[in-house]
Amino acid sequence: MSVNEEVSFDAKEHQHLRYNPLRDTWVLVSAHRMKRPWAGQVEKPPEEHVPRHDPHNPLCPGNTRANGEINPDYDSTFLFENDFPALQPDAPDPGEDNCITQYNICQHFFVMCFHPWSDVTLPLMKKEEVVKVIDKWAELVEELGSTYPWVQIFENKGAMMGCSNPHPHCQVWASNFLPNEPALSDRCQRAFHQKHGEPLLLQYAKQEAEKKERVVVETSDWLAVVPYWATWPYQTLLLPRRHVLRINDLTAEEREGLADIMRRLLTKYDNLFEISFPYSMGWHGAPTGPHLTEDNSHWQLHAHYYPPLLRSATVKKFMVGYEMLAQEQRDLTPEQVNIIKTTGAKPTLYYRVSH
């Protein structure tokens, strides 16, 4: 090739920036970095052999928790107030001084077990069992959201994501303030709606459904994609196809469809490296509490999945250095993510069952 010959752009080979309209930020895509050899940290593979019932596990039915309370012999979901909450009750007002601004906050913390067995995860649960999880999520948003401005449902799965207990569970934090991420998302979605007259994520879902480039799983009511602006290698965005503000606004049919697409998405994750795939996930919907009487038509319900893995079951993506001090960067394009390659209408068989 001559020095004057023009090279055409190839997203898989050439670095470029992608805009994240949900956060008003840019991500640097450097797909060529995947070609470099890896001699860095290697993680321990996730534990595959978890006992169905551990008499010493504080989340199992009938066991005693750290505060001395005994769990009921539950056979479905089980909700209790977190024994080790991130905030203490009745904290004094911290006050403020010039550059140092503080604000006394109030939160309510819950732990919610998905299932009585420790050796199952959401993709291994029956569809009707996952529907019960979704129904409980909706119930909590309805109840806590009547008072609190924000109800955050999230799941940290796997030791790599800081999960201290393998029993299938999530957490629910209700706060008297709007946290940073949903506050930023609220501003961005509102600005888009004011400019274009349509919810950002509703328009985005339509575009992704048409292009099929980044679709992982889709149904008549739901869509799971690797977003164009994804930062984490196997990050996904789960969206309803119709305009929905909050999870408690979903119909019974949509909740069944959500249970189905969640099981299929998480099966694809687990099948990728044939492990119980680690991730942090959470739901974002329109703010609640005093915001219930406001116009939130710019919002669209969605869930984020953030898995840490990059090259294999034991090599994760590190958000350090440039990512911490300058901006987010990813090592392969969203279109290259190999969970996309098995897109289809038919359910995917779980790897433990297929062997």
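The backbone N, Cα and C atoms fix where each Cβ goes, and this holds for glycine too.
Nobody curates TrEMBL annotations by hand; they come from automatic prediction.
For His169, the entry in TrEMBL reads active site, tele-UMP-histidine intermediate. Annotation comment: TrEMBL describes 33-36, Ala66, 82-83, Asn156, 162-164, Gln171, 317-318, 322-323, Gln329 as UDP-alpha-D-glucose binding site. According to TrEMBL, the feature domain 'Galactose-1-phosphate uridyl transferase N-terminal' maps to 9-179. Residues or ranges marked as domain 'Galactose-1-phosphate uridyl transferase C-terminal' in TrEMBL: 187-337.
Distribution of TrEMBL features across the structure.
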| residue | record | contacts (Cβ under 8 Å, 6+ apart) |
| --- | --- | --- |
| Cys163 | UDP-alpha-D-glucose binding site | Asn156, Lys157, Pro278 |
| His169 | active site, tele-UMP-histidine intermediate | Leu59, Val111, Met112, Cys113, Phe114, Glu155 |
| Lys317 | UDP-alpha-D-glucose binding site | Trp232, Pro233, Pro308, Leu309, Leu310, Arg330, Asp331 |
| Glu323 | UDP-alpha-D-glucose binding site | Gln329 |
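Lys317 (UDP-alpha-D-glucose binding site) falls within neither a helix nor a strand when secondary structure is assigned with DSSP, and so counts as coil. Under DSSP, Glu323 (UDP-alpha-D-glucose binding site) is assigned to a helix (H, G or I) in the three-state scheme. For the recorded site, Cys163 (UDP-alpha-D-glucose binding site), the DSSP three-state label reads coil.
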